[in-house]
């Protein structure tokens with residue numbers, strides 16, 4: 001365990017090295033003593049560290065920078081959610097169902113598929129923070145453009161303009177995603193990474209809950225509220241870029257990695273990576289099932305708009321209550337978090353089918369309760385797979401592993417989404433049942449993953 005005196009000694013040594021021309025000294029986020037105290041409260045005491053001496057000395061300040069930047073980014077994600085917020089906006093602007101239906105596929109595919117090609121240039125960068133900060137800034141600029149288009153345009157022109165800007169936002173997000181796990185691994189110790197990302201998710205959920213409540217209560221003009229939220233998302237992303245640009249990251253050149261096709265070959269050359277990706281693919285049911293639960297509730301008697309509002313609130317509340325807990329559990333065993341999340345997702349979806357069969361799916365409490373449990377499972381899957389991937393990969397492999405995994409999952413998401421849409425013609429309950437089985441199979445497959453956290 002690292003002592004405070006040891007940290008001070010490292011800071012002094014690092015500062016001396018910097019003065020002699022070695023590197024920039026560790027910069028505090030607020031104050032060295034306060035940074036260390038606050039970060040230890042949030043993330044716990046450090047265990048065995050895989051960081052350099054300089055990175056260990058700068059870890060408290062860097063951890064708080066990660067928390068601030070990631071919280072702002074996650075707030076922005078919630079405020080511009082294409083499944084709900086942008087879908088409502090395009091419908092309100094009269095863009096047409098065809099354009100509106102492309103929002104989620106463009107967002108998901110654009111954020112995941114380019115990562116295989118972004119990994120090599122990102123890996124060549126000595127400081128990956130500039131990739132993340134640049135991606136966040138472009139996301140902010142795209143969100144500002146979406147808000148402007150919503151204010152000044154209507155009809156198909158507004159729809160296609162917003163869709164194009166969303167595609168730009170998604171590609172910028174893919175750069176952030178492929179660089180972040182490597183960046184987190186360089187600057188935050190293995191036993192604290194889950195706590196940092198989990199705390200950011202929980203902190204961001206408060207703002208999204210307020211937004212959901214405002215939408216549900218109608219305290220302001222809905223169009224103005226939505227466009228204002230999108231503009232606020234733009235500001236949040238730019239702020240996140242500024243914070244991440246101040247991260248104290250050491251220079252470390254990479255080789256650039258293999259070609260895109262060579263990177264995909266890792267899925268069968270490294271069996272544990274292939275098993276992880278397959279387990280993650282099976283667990284996508286936690287992400288794809290919520291809209292079908294909304295349909296199930298609507299057909300049972302609830303209004304669609306009220307069901308959508310409950311979905312936003314349930315997701316944000318589940319994130320607020322569970323993300324930090326999942327993060328701390330992931331620091332102990334991200335493998336077990338994936339298993340527990342898969343089981344919880346399967347149970348939630350089976351409960352939805354039971355309520356439907358009993359004629360209770362339309363009750364006021366039924367679908368919100370199921371959605372809440374399912375969203376807890378969803379955030380567990382997100383937290384577990386993120387922490388597992390960072391801890392699984394070595395120093396030189398994180399960007400490549402991230403790109404390969406996310407590209408494969410991106411293709412799988414598109415295929416699973418198309419398959420679910422086709423199955424829905426046979427009945428929504430059938431789709432939910434398939435997702436429940438997938439969650440259980442994903443949990444079973446995760447049993448065969450290696451433990452990658454120390455002391456798990």
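Any Cβ shown, glycine's included, is placed from N, Cα and C.
Remember, TrEMBL labels are computer predictions, not curated facts.
Which of 157-176, 257-276 counts as transmembrane segment depends on TrEMBL, and there it is 157-176.
Taking residue pairs at least 6 apart in sequence, the transmembrane segment (428-449) and the transmembrane segment (338-358) share three or more C-beta contacts under 8 angstroms. Outside the transmembrane segment (364-381), and at least 6 residues removed from its termini, the chain residues within Cβ reach (under 8 Å) are 201, 280, 283, 286-287, 289-290, 293-294, 296-297, 302, 307, 310-311, 313-315, 317-319, 321-323, 326, 337-338, 340-342, 344-345, 347-349, 351-352, 355, 439. Within the same chain, residues 104-105, 108-109, 111-113, 115-116, 118-119, 174, 177-178, 181-182, 263-264, 266-267, 273, 276-277, 280-281, 284-285, 287-288, 292, 385, 389, 392-393, 431, 434-435 sit at least 6 positions outside the transmembrane segment (401-422) and bring their C-beta atoms closer than 8 Å to a C-beta of that stretch.
A Cβ distance under 8 Å defines the sequence-distant neighbours of the transmembrane segment (130-151), meaning residues of its chain 6+ beyond its ends; these are 69, 73, 76, 80, 86, 89, 93, 122, 158, 161-162, 165-166, 168-169, 172-176, 178-180, 183, 223, 226-227, 230-231, 233-238, 240-242, 244-245. Remote same-chain residues near the transmembrane segment (196-219) are listed as 42-43, 63, 66-67, 70-75, 77-79, 184, 188, 225-226, 229, 306, 309, 312-313, 315-317, 319-328, 330, 379, 382-383, 386-387 (criterion: CB distance under 8 Å, separation of at least six residues from the stretch ends).
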